[in-house]
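What follows is a set of notes on a single structure, which appears directly below.
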Amino acid sequence: MADGISSFWGPVTSTIECCEKNYAYSSYIAEFYNTISNIPTVLLALIGLVNALRQRFEKRFSVLHVSNMILAIGSMLYHATLQRVQQQSDETPMVWEMLLYMYILYSPDWHYRSTMPTFLFLYGAVFAVVHSVIRFGIGFKVHYVILCLLCIPRMYKYYIHTEDASAKRLAKWYVATLSLGSLCWFCDRVFCKQISSWPINPQGHALWHFFMGFNCYFANTFLMFCRAQQRGWAPKVVYFMGILPYVKIEKPKTQ
């Protein structure tokens, strides 16, 4: 929500602003809550990365967790500055991350293994270059939604072929956090004028970040379980301190 304040980073040059008063708490952070709400995503991705490395999961999952961290950090830079360049550091990793999800979801059944990563890499590189020159606006949102929709059939297939109740629960939490986060994002965008008149702003976009941090973690953990099943690693879902789920595996000695 623009309020005419320039402060440390200068005039706003990003194409999108959220329903949060700019520079309300610091001259260095344009949207305070939208910035700090990315911290849980970084922490959860770090936990996932440690688990993937400790148990020697395939590198794709380490890269996936790192991409979650990069996206969250890019989002922090964007909301802290509201500058066009930092906006790209948020939006471009969003596309890269979805391309990585597509690779993880579809690669097990891809007959020509080298073609998929090559195509996705080139696609991501071309998008980054084009996006640095052109402001897509609504076109970016449509493009991102299409990438998300391409992942849904495969996620559903993994869900219906998974018999483990704990793994299915991860998928349900994934859907629940996605739904709640999307609702918060929608209300923040559509009802900003009404929300701005309330005594307390519920910070819908910040809640979107919070829920999507857990959403990514649940999605990654579920995919790690499914991949471990494919590899015959006897996966099971266990809980850290009885709260946070993660996948524990037992690899055959030959692996």
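Counting begins at 1 with the first residue displayed.
Glycine residues also receive a Cβ, built from the backbone N, Cα and C atoms like all the rest.
As recorded in TrEMBL:
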- Glu20, Asn22, Glu31: Ca(2+) binding site (BINDING)
- His79, His205, His209: Zn(2+) binding site (BINDING)
- 32-50: transmembrane segment (TRANSMEM)
- 62-82: transmembrane segment (TRANSMEM)
- 119-138: transmembrane segment (TRANSMEM)
- 173-191: transmembrane segment (TRANSMEM)
- 206-226: transmembrane segment (TRANSMEM)
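There are 28 other CB atoms within 10 A of the CB of His79 (Zn(2+) binding site), with all protein chains counted.
There are 25 other CB atoms within 10 A of the CB of His205 (Zn(2+) binding site), with all protein chains counted. Excluding His79, His205, His209, which define the Zn(2+) site, the same chain contributes Cys18, Glu20, Glu31, Tyr33, Asn34, Thr35, Ser37, Asn38, Ser75, Ala206, Trp208 within 8 Å (Cβ to the Cβ centroid), listed in sequence order. Least packed by the Cβ count within 10 Å, out of the binding-site residues Glu20, Asn22, is Asn22. Using the rule of three or more Cβ pairs under 8 Å, pairs at least 6 apart in sequence, the transmembrane segment (32-50) is in contact with the transmembrane segment (206-226).
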